[in-house]
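As given in Swiss-Prot:
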type	residues	note
TRANSMEM	9-29	transmembrane segment
TRANSMEM	40-60	transmembrane segment
TRANSMEM	89-109	transmembrane segment
TRANSMEM	147-167	transmembrane segment
TRANSMEM	185-205	transmembrane segment
TRANSMEM	219-239	transmembrane segment
TRANSMEM	258-278	transmembrane segment
TRANSMEM	280-300	transmembrane segment
TRANSMEM	327-347	transmembrane segment
TRANSMEM	425-445	transmembrane segment
TRANSMEM	547-567	transmembrane segment
TRANSMEM	721-741	transmembrane segment
Amino acid sequence: MEHTYQYAWIIPLLPLTVTMLIGLGLLLFPIATKNLRRMWAVPSVLFLSIGMLLSVELAIQQINQSSVYKYLWSWTINNDFSLEFGYLIDPLTSIMSILITTVGILVLIYSDNYMSHDQGYLRFFSYLSFFNASMLGLVTSSNLIQIYIFWELVGMCSYLLIGFWFARPIAANACQKAFVTNRVGDFGLLLGILGLYWITGSFEFRDLFELCNNLIPNNGVNSLFATLCAFLLFLGAVAKSAQFPLHVWLPDAMEGPTPISALIHAATMVAAGIFLVARLLPLFIVIPYIMNLISLIGVITLLLGATLALSQRDIKRSLAYSTMSQLGYIMLAPGIGSYRTALFHLITHAYSKALLFLGSGSIIHSMEPIVGYSPEKSQNMALMGGLTKYVPITKTTFFWGTLSLCGIPPLACFWSKDEILHDSWLYSPIFAIIAYATAGLTAFYMFRMYLLTFDGYLRIHFKKYSGNKKGSFYSISIWGQKELKPVNSNFLLSTVNNNEKVSFFSTKTSQIDGNVRPLMHSLSIHFSNLSKKDIFTYPHESDNTMLLPLLLLGLFTWFVGLIGIPFNQEEEGFDILSKWLIPPINLLHQNSSSPVDWYEFITNSILSVSISVFGIFTASLLYGSVYSSFKNMELINSVVKISPKRSLLDRIINVIYNWSCNRGYIDVFYARSLTMMIRGLAQLTHFFDRRVIDGITNGFGIVSFFVGEGIKYAGGGRISSYIFYYSSYVLIFVLIFYFFI
């Protein structure tokens, strides 16, 4: 066992080797390296697979023997300061290493085909391998300085990959936004690290925890300063894991290639913040204010992400807000003291979300030959629909991921999310109500996404999208801004009846172009009849190298939840994950000898599943073609129209829709307050520099110039005159000095 741990430092170096080899090949043999570019996918997958095998072996040894290994190299040592680098192998490290390597391998296999026609193929794989190396270095770090170094490397890689297609202005702006937003958190993290070093005199985790646990409860250090340091550390996690209010970069990060979205949202960047909170949880526990803040930020984020996902039309942005919401669940768990549950949901969500993102990439890949390569069209769910018969494997795996995220048993996310919901009741009923309500919203927007993508008919073949002011039930559209075009004839997507319209609650979609803007007036969408002479192209299923990762992630989505299921009813914690996490940290279940209450578990599960099923049913009712017999909900409309509160309901729906479409007005607030304030300050600084500072400098030059010119014309060229003037000036200064000083 000792022999295996000694070589654990190889794990983060393996993917880094690929990056170095690609760079060396481009430097020495540029033409051959570019011509044989797809060859580099093999060592990328191979080296990361070796890292995965080492991680699995370390995890097995830890499960069997509950061991923790730490190896350090002294870098700088003197009487007052010492800095050591090394690696720490404990249950948290092994969990994260397996997660990063398994998802990373599947993303690499998927990317080989997805990026095969891109000119930046080699650059993409070098960035991707460096990304994996940075994240593996982060999770194996033995102290806060190492964490900060790899933390910045992860941020740099995300900047490069989000802006991979930097020639597109929107991608360049997105990576800049991610970079600037994360700088706020990174600066807070750095200040927190320096503050803790000032308190404890050490960067090592064990020393930090021991000293803080002794000093803070016994008032050995200023509690306000310790709380401030802990808050600054948590601020780094807030930015990296896209928690409110530093979440604004996450939806824009979808401008990068889809495999990067899968990696960022599943196993690397957003998981880094959760990892930091989990690693520093022994420190946060002794500061109750920080624990309350963590849980509060988590519950706000999970609700905010769910509401913002309700009306998105971009399939990747919908998944991005879903990630934000699920990360809120994961952040809520350690805040309420449920460490094991947080890691459990981190694992299950990572595989499910990687499956959904790679599935969306397969969908986008199939749509691009039809609509073009613009993300505004290829990622627009308004142009999709009816893809079931064209991409059946993608549809099946996407359906698995959707059910898992909705919390439907026996898929993975059901087991972990249900534990978070149960623990939230023990901590705060208010938080529990919000968490349960968000579970219903999650089921709604996930099935909305699934139905808009796979149900009904392929909407791209319906030409001449147009708006019409004639009434439909609700006064808002599904996608946004109206387009004033004449309507020739109508064609309904789910039936062959004419004069059927699409509202916010219908199964259809509206206009495909323009910004997403709310409509306060009635807007219905019509489609002109198909021309029989037109020959259409249709989507096609992806290649095997893209489908294989989907199927493998589908298996993970089905079975990875088993690691957290207690199989022994007589003893709590008799599951793989609980044996793995030794020593456990759980403030809500401190009595580990109590048996598992299966009756309580089943009761809570029935409640959570019922809420999810209600969300699924609502989405199916409003967006599914199965209910087309209602003639576009005329029955429901007639019932609701009888109610005198219809106008109030309309206003509520409009408020929710406007909130979701405008990203909760948070981006607008930042743009109008922070951005405009910084630009105003920059303009003021520019004015002061040009007019005041430069004015003073230039003023001295101008005055000297005119004085010189005046003296030049006063002089006659006679030396005797110069001597006279000089003597006169000297005499005047002597007299002034003698009489007045």
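Every residue gets a Cβ built from N, Cα and C, even glycine.
Between the transmembrane segment (258-278) and the stretches 9-29, 40-60, 89-109, 219-239, 721-741, the greatest number of Cβ pairs separated by less than 8 Å involves 89-109.
Taking pairs at least six residues apart, the transmembrane segment (280-300) and the transmembrane segment (89-109) share fewer than three Cβ pairs below 8 Å and do not count as touching. The stretch in 40-60, 185-205, 327-347, 547-567, 721-741 that contributes the largest number of Cβ pairs under 8 Å to the transmembrane segment (9-29) is 40-60. Only residues 6 or more beyond the boundaries of the transmembrane segment (40-60), in the same chain, are considered here, and those with a CB under 8 A from a CB of the stretch are 4-5, 7-8, 10-12, 14-15, 17-18, 21-22, 25, 33, 89, 94-95, 97-98, 101-102, 104-105, 108-109, 111-112, 122, 125, 128-129, 132, 136, 580. Sequence-distant contacts of the transmembrane segment (219-239), counting only residues of its own chain at least 6 positions beyond either end whose CB sits under 8 Å from a CB of the stretch, comprise 151, 181-182, 184-186, 188-189, 191-193, 195-196, 199, 212, 246, 272-274, 276-277, 280, 283-284, 287, 289-290, 293-294, 297, 331. Note: the stretches the transmembrane segment (89-109) and the transmembrane segment (721-741) are not in contact (fewer than 3 CB pairs below 8 A, sequence gap of 6 or more). Counted as Cβ pairs under 8 Å, contacts with the transmembrane segment (425-445) are highest for 327-347 among 147-167, 327-347, 721-741.
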